[in-house]
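To start, the structure itself, in structure tokens.
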Amino acid sequence: MRKNLFLFLMGLLAGAGLFITYENLPIFIVLLLGSIPACFASYKKSSLGYFFVGLILCFSISSISLKKERITCKKIDKCHLTILEKRKEDDSFRYFVRINKGKFSAKSVLFTNKDLHIGDDFYSDIKIKEPRTNTNPNLFSYRKYLASKKIFSQVEIKAPKRLYRGGHFFLGLRNSFYTYIHRIFEKNLTKRASDFVISVLLGENLIENTDIKDLGLSHILAVSGLHMDLLVAFILFVCNRLNINYKYGYALALGLAFCYGYLIAFPFSILRVIGLNLIGFMAFLLKKPFDKIKALLFLSSLILLVNPFALFNAGFILSFAASFGVYLIYPKFRSKRKSYTRDSLAFTVSIQLGLSPFIIFYYGRINLLSILANFLILPIFTLAMYIIFALVFFYPLLGKILGMFFGILDFLVNSLLNITILLNKISLFKFDFAKPSMILAIYAFLLIIFLLNTNKRDLKKKANIFLLSASLILASLINESRELSYQMIDIGQGDAFMIKDGTNYYLIDVGGPKDKIYDSGEKILIPYLKSLGIRKIKAIFITHEDKDHVGNLDMVCDNFKVEHIFTDQLNYEGLKKYKVKILKKGDRLKLNSVLFDCIFDGDESSENANSLGLLIDIRGIKILSMGDLPGEFEDKLDTRADILKLSHHGSKTSSSRAFIEKVNPKIVLISAGRNNSYGHPNKEVLENVYDRKIYNTQTDGLVKMDFSHGFKVEKFLKGGYFR
């Protein structure tokens, strides 16, 4: 039974992954290709058939669900909206809302600085659009996150006209709980402590959690299964002290856990705990053995059948991975003689081993101090949670009497946060990794489980499997290390290009915001470069000093070791603090497999005219990059190139038809921000390059030209919903 459930779950994961990769693949093809091996496995009475059934089911459900729920951009007048959930984020609010207009009904997300209440009903003229998504590989996708909550749209409203409040009983309870939690803890704790407690209870993002995340302690900040386990244990403890029968106490604990789950909108980790305890309680009543592994396999499969996009939710993955770690790894480390210290350490190690592949996947870093941090912090956190639950339950009755406990809680929370900050300052045990694929993370997780659960008699078999796995991973890394590519990073309104030559990396401009509304360095460039496992950048070429070309240079230098920075003489003064090297017209640099020729070294007539012009040669294919060079200087150049990066983001001041015909590129690259106020790229310029292959970050996201084996171009955005 375990084997069948496991294969079915793997099939569901494969089906969800297949749909994300090949979103537009017709269902009938998957049905045809999947049913053949499924029927063959059934004929041979092989359990492998469960895998293919799971794959077909999950792919089909994913496809049908997306087609049903996806909403194209449109405007709706006098639409009825109901607030379902509320989250405070910095100086604004995020709401999940239900939209209704006639027969049309959909769940959506709303961002506004208006302080509304859960359960509020109002009318408004609205605009519905698709949520933002990542346009570069390896970065967080808010669109995928919302899909994991069955939300496929974002709504903008105009001056809401509230009809009434309190018309929804259950939503009213949710709002009362939200208000109650904020009120009692904001009133009685310091801001730092209250933000932490509210984040823990409601899942809000009120505190900076970098230290917590780096130490692998995210599970204490998010609403996780640990909280629910402690809640159930707390209720059972109270019932025991009141001499309430265990059976009725357990039923009460499950009922209250379900109510709490509803009040915070049932995160996946809560569903896991409620489901696991419910199955365990039923087994207890029926006097049947309780197999927690089977229960976990069943629950994870059920969640994916109901919502295949749960795969996008870190809470779903981390919650179940931690549970499998506890039930499959912890028994191997637990001491035969009862020892609190050793068993606590074994418990912590088990969780961290189970989570480690996915922590690397989500955060790109492992901190070996996470085991020590969990060992030190979990007892403090457990005590703090018991106090929190006591305050939540009994504050209305015993408010003044419980006053001293707020002081104790404040001390515990601040101690916990101070320990995380202190431990995270020790960088010796931090290890950064390139972001693996989800497939590799799941494979590594299964390998850890397998190696730790094989009998000693099978030691040779274990060694062979480990060596085979290590060889496959090593071969993949070697192949990756030989890549030779030129990438146009989607940095928004700006330029940021990267050349990967094996283990050497070069940047041509680094982008940067024109204003402080959006930080493209913090949100895009640095996370993307780190996701590739980059620690050192061989050289950076700065074409000129405009912020959208050089604005992120400080951040790049702070996060990576940069060997050389090149620019022209006219830009030297503004960049001299970086100890830049000057390139002059006619200079040639050969850096490994790549040849850089300086064909223009700037003109003093304007800010854009001082651009550094580079002709880049990669295995005989020439790339022309001119920064923001105006057309009158482009027209004086006498060069040809296979690939042309349009100057000034496709502005009408550059890229005349005569220049395009003279350079005669096969491929034209445009790096510009979506809906930018400058109108880039200009329509006339697009007409000038109509007969060339055009790649534009606005529609294609990151574009990679790969020279490793011949030449091929791959754009990140494929025209689907997720990519």
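FYI, residue positions are counted from 1 along the chain as it appears here.
Keep in mind that glycine also has a Cβ here, set from the backbone N, Cα and C atoms.
Caution: TrEMBL annotation is automatic and unverified by curators.
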Matching range for TrEMBL feature annotation, transmembrane segment, among 3-21, 345-363, 459-477: 345-363
Range among 48-66, 295-313 that TrEMBL annotates as transmembrane segment: 48-66
Mean of pLDDT values spanning the domain 'Metallo-beta-lactamase' (491-673): 92
Among the ranges 48-66, 401-421, 433-451, the one whose Cβ pairs under 8 Å to the transmembrane segment (369-394) are most numerous: 401-421
Secondary structure content, the domain 'DUF4131' (24-162) (per DSSP, counts of residues): 45 helix, 50 strand, 44 coil
